[in-house]
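Below is one structure, written out as structure tokens; comments come after it.
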Amino acid sequence: MAVPGFTLGALILLLHISSVANYPNGKVTKSCYGMIPEHGHTPQSDPVHHISVSQMTFRPGDQLKVTLSGPPFKGFLLEARDADDLSRSPIGSFTLIDSQVSQLLTCEDIQGSAVSHTSPSKKTEIKVYWNAPNSAPNHVQFLATVVEKYKICWVKIPGPIISQPNAFPFTTPEATIARLSTLPPVSHLTTSFSALDCGNKKFCIRNPLNCDPEKEHACFFLSFTRDDQSVMVEMSGPSKGYLSFAFSDDRWMGDDDAYVCIHEDQTVSIQPSHLMGRSHPVMDSRDTLEDMAWRLEDGVMQCSFRRNISIPGVKNRFDLNTSYYIFLADGAADDGRIYKHSQRPLITYEKHDVINSPKNVGGSRSSLLLKAHGALMFVAWVTTVSIGVLIARFFKPVWSKVFFGKAAWFQVHRLLMLTTSALTCIAFVLPFIYTGGWSWYAGYHPYLGCIVMVLAVLQPLLAAFRPALHDPRRQMFNWTHWSMGTAARIIAVAAMFLGMDLPGLDLPGPWKTYVMIGFVAWHVGTEIVLEIHAYRLSRKGEILDDARIQILQSFTVAEAEGHAFKKAVLTIYICGNVTFLIMFLSAINSL
């Protein structure tokens, strides 16, 4: 479920599952034929809604009023079918009475042959007109699917049967109403999944790598075990909402074969689905799954099922005799509805054939490009720029000797600042390469990043036109250079705080926040120490012409001691920065 931009956010968007209930605009033509909501929940057996008609007989061309009524409901689908064969296409067409609550659908290429809702607002009654066609059968029956809420629905509620005047009395056939396919039985797992056969008999994906679902609650585990012409799937992880995985031909979300285990009412619903892009999954029929089982214990959800390696003629189910990228995700669920995953899915580093080559693999929740982006920005704005600022502010008298035509402090400062600008430029383009454009789901982070990028380019350009030391414009340059540099550092730190929370680089929290706060405190504290020391050093170097006060210390000695102190502080500061850098890079590498 790779994405063309991050959200990741995040960011949490409600996933409106593709069903009669959760198409808020009522565009449910996919459900026309079977009239079955695609959310995977078992329909209720005893209807509480009622269909009535204005007359029980009709002639071709007649117009009858049809009313659907009952307890409040959100969605519906109303059709007329041949009573002798309800599996045939809808009969006739409808005319709306209130277009605010109902709309016409084109089912089976017949315009206006069905009626559905226009919004998820609650309603208790729907009235429409049904127009009898010239080629109408002798007996017509009205059917309705009604959805009260996401997992409470009634499918093909039988309505009255109307007949043409000269037709023989209607006799109920054996299967007047096409029965819903019986859902496969679901059993409880009795033991936890095992990782013992990973790499031998099982193809396993684990996060953290080599974790054991039997012993570690925080272990995300997915395994595939081939058994002749079928494969047994096991999935486990800490989740109170849902777990899911998907097969994909690429690292982007869309046109993928997905499977979701949803925690609801102390049970787990196992549901095949397919992904249509950067949107909610569309739930499919569970007829393709067998031996479904689940287990809930100590906040860990486990589910398993079996499916055939090849399922000819079934749309959206991939043939497993080939290699795919594999996604593993988790997120929140409420009342059977699933929400966007709060962190980026784990994605395998490469394509794998899960049935012919048992392996033990891991994956990453972050793209290599995004990892490089974060690492380069951290090096630039936590390491090189901060050291360069301290050298320019406090080390002019320490390294004043000329080195290649300029003072040594200036050469070091310029090298560090040019390095910062270069790293920023490289890091800046990486997210654009990854997303293929602007990321509209990353909040303020990209906007702040653009400001930092502009300032990082302007600073060296401004420095190239620095006036001479005694030039009247030198003071203006110094203040401008300092102001732009300080603004860039502050905005860069703010951008890093925001970037660490994005799904594309979701570092472990609250650790990430503590590291950044620690760095800011470390840098500010170092500057304060050096400022206090500089002030005290200047006081020691004062020579007073008052006979009552002697010179406390020679300036040369004080200066030597001051230089030694500054060098010690800088050494400690650099060691601290390197420590923060190692911690950050280690966290990125673990994603």
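Note that Cβ sites are derived from N, Cα and C of the backbone, with glycine treated the same way.
Going by TrEMBL, these are the annotated features:
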DOMAIN    13-179  domain 'Reelin'
DOMAIN    216-331  domain 'DOMON'
DOMAIN    335-533  domain 'Cytochrome b561'
SIGNAL    1-22  signal peptide
TRANSMEM  375-395  transmembrane segment
TRANSMEM  415-434  transmembrane segment
TRANSMEM  446-465  transmembrane segment
TRANSMEM  486-505  transmembrane segment
TRANSMEM  511-530  transmembrane segment
TRANSMEM  568-588  transmembrane segment
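Nonlocal intrachain contacts for the transmembrane segment (568-588), taken as residues 6+ away from its ends with a CB within less than 8 angstroms of a stretch CB, comprise 366, 371, 374-375, 378-379, 382-383, 386-387, 390-391, 395, 505, 507-508, 511-512, 515, 518-519, 522-523, 526, 529-530, 533. Ranked by number of Cβ pairs under 8 Å to the transmembrane segment (446-465), the listed stretches 375-395, 415-434, 511-530 are led by 415-434.
A Cβ distance under 8 Å defines the sequence-distant neighbours of the transmembrane segment (511-530), meaning residues of its chain 6+ beyond its ends; these are 382, 386, 390, 393-394, 493, 496-497, 500, 566, 569, 573, 576-577, 580, 583-584, 587. In the domain 'DOMON' (216-331), helix, strand and coil residues by DSSP number 3 helix, 70 strand, 43 coil.
Per-residue pLDDT, averaged over the domain 'Reelin' (13-179), rounds to 83.
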